[in-house]
Amino acid sequence: MKNLLDFTKDELGEFVKPAFRAKQIYEWIYKKNVDSFDEMLNLPKDLRQDLSQNFYFDPLKVVKSEKSKDGSIKYLFALKDGKTIESVLLPMKDEERADDGKIVSHARYTVCVSSQVGCKMGCSFCLTAKGGFVRNLTAGEIVEQVHFIKKINKIPYERRVNIVYMGMGEPLNNLENVAKAIKIFTDNDGLAISPRRQTVSTSGLSSQIKKLGEMNLGVLLAISLHAVNDELRQELMPINKAYNIASIMDAIREFPSDMRKRVMFEYLMMHSVNDSLKDAKTLVKLLHGIKAKVNLIYFNPHEGSIYKRPLKENMEKFRDFLQSKSVTCTIRESKGIDISAACGQLKERSENKI
Ligand code: SAH
Ligand code: SF4
């Protein structure tokens with residue numbers, strides 16, 4: 001049996017003839033949210049039977065979910081083999097209504113998806129790293145996180161959500177399946193989410209950044225930088241030994257030009273580790289010639305972590321310095337901080353029954 005969600009429409013078209021049947025199946029699954037082949041009424045009965053003998057499309061199982069005060073909802077999902085992953089629904093903007101009750105602008109959402117069960121990268125600040133690597137997610141398991149979250153939260157089909165690959169795992173360490181998921185998300189008969197609304201976040205696997213660029217998928221790139229010199233960066237992120245900062249910058253310079261213009265740099269601030277003005281100065285030099293947007297993130301402490309949450313004033317000084325040098329910079333308050341915000345934390349707490 002195969003997971004139907006693992007298939008691009010073209011691939012599906014090779015199983016079901018004539019190929020327009022693939023479009024119909026896509027619409028049933030992604031637009032009409034049916035639960036079984038029997039409900040796909042415009043397919044001939046024998047095709048429905050044939051499909052149900054070869055394919056499945058099961059919803060994810062919610063092991064646990066937590067809603068934060070700021071409205072974000074974090075899910076711990078069980079996959080078919082019982083392994084668990086996290087995904088988060090982040091409301092970015094509330095619905096706005098005029099005095100007469102008419103909707104002026106719709107609510108906006110971002111879904112943060114996982115790309116692997118666990119992660120190989122071993123970053124010292126990250127809880128996902130602690131459990132080691134278990135396996136890659138298939139394209140369908142990535143796609144279902146967004147499809148299922150939209151469905152259970154009754155987010156209308158027409159509301160396009162943004163997707164960030166910032167959950168558990170290193171997406172560029174599972175590039176083949178992530179690229180496939182991006183294509184499936186993008187399909188107009190599927191969820192129809194433009195690649196411009198999808199951001200792949202990476203710890204900096206330079207060779208894979210190049211490959212992603214060559215694929216020309218049109219997705220945006222976020223680099224988890226977190227340190228401005230190789231010495232500190234390799235202490236925090238062992239992958240820096242294989243791919244140092246200079247190699248990441250080179251890979252970005254080779255990225256297709258329209259996407260290169262909007263590269264985001266994530267900078268996880270940890271108290272007294274990487275939050276000085278000296279770091280800010282080095283960062284400005286590093287980003288010279290790159291049209292970057294820097295996102296400063298509050299480190300979210302977890303059980304056993306040796307790092308501390310940065311002081312607000314240090315965050316602001318850091319941001320102000322960057323801005324004074326014309327580097328776009330925003331501070332991101334970890335959403336859902338009261339529900340174990342950073343990825344990996346719901347899973348850990350669930351397993352330890354805290
Ligand atoms: N592996 C990819 C994507 C997943 S991690 C990457 O590293 O970019 C997504 C983000 O969560 C990264 O920027 C990571 O630095 C951040 N993160 C990890 N642990 C965190 C913590 N304790 N507090 C806040 N953010 C954290
Ligand atoms: Fe993996 Fe990203 Fe966590 Fe590093 S920060 S261990 S790359 S998930």
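Note that Cβ sites are derived from N, Cα and C of the backbone, with glycine treated the same way.
Annotated active site, proton acceptor per TrEMBL: E86, in sequence order. Every protein chain shown contributes to the tally, and the Cβ of E86 (active site, proton acceptor) ends up with 26 other Cβ atoms within 10 Å.
Residues or ranges marked as active site, S-methylcysteine intermediate by TrEMBL: C343.
Around C119 ([4Fe-4S] cluster binding site), the same-chain residues at least 6 positions away in sequence with a Cβ under 8 Å from its Cβ are C126, T128, A129, G132, F133, M168, G169, E170, N173. Taken from TrEMBL, the feature [4Fe-4S] cluster binding site applies to C119, C123, C126.
TrEMBL lists G169, E170, S201, S224, L225, H226, N300 with the feature S-adenosyl-L-methionine binding site. If you draw a 10 Å sphere around the CB of L225 (S-adenosyl-L-methionine binding site), it holds 26 other CB atoms from the protein chains shown.
Taken from TrEMBL, the feature domain 'Radical SAM core' applies to 105-338. Mean pLDDT, taken over the domain 'Radical SAM core' (105-338), works out to 94 on the 0 to 100 scale.
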Of all the binding-site residues here, S201, S224, N300, which one's CB has the most other CB atoms within 10 A?
S224
For the recorded positions E86, C126, E170, S201, S224, N300, which sit with their CB under 6 angstroms from an atom of ligand 1?
C126, E170, S201, S224, N300
Candidates near ligand 2 among the binding-site residues C119, S201, H226, N300, judged by a Cβ under 6 angstroms:
C119
If you measure N300 (S-adenosyl-L-methionine binding site) to E86 (active site, proton acceptor) at Cα, how many Å is it?
16
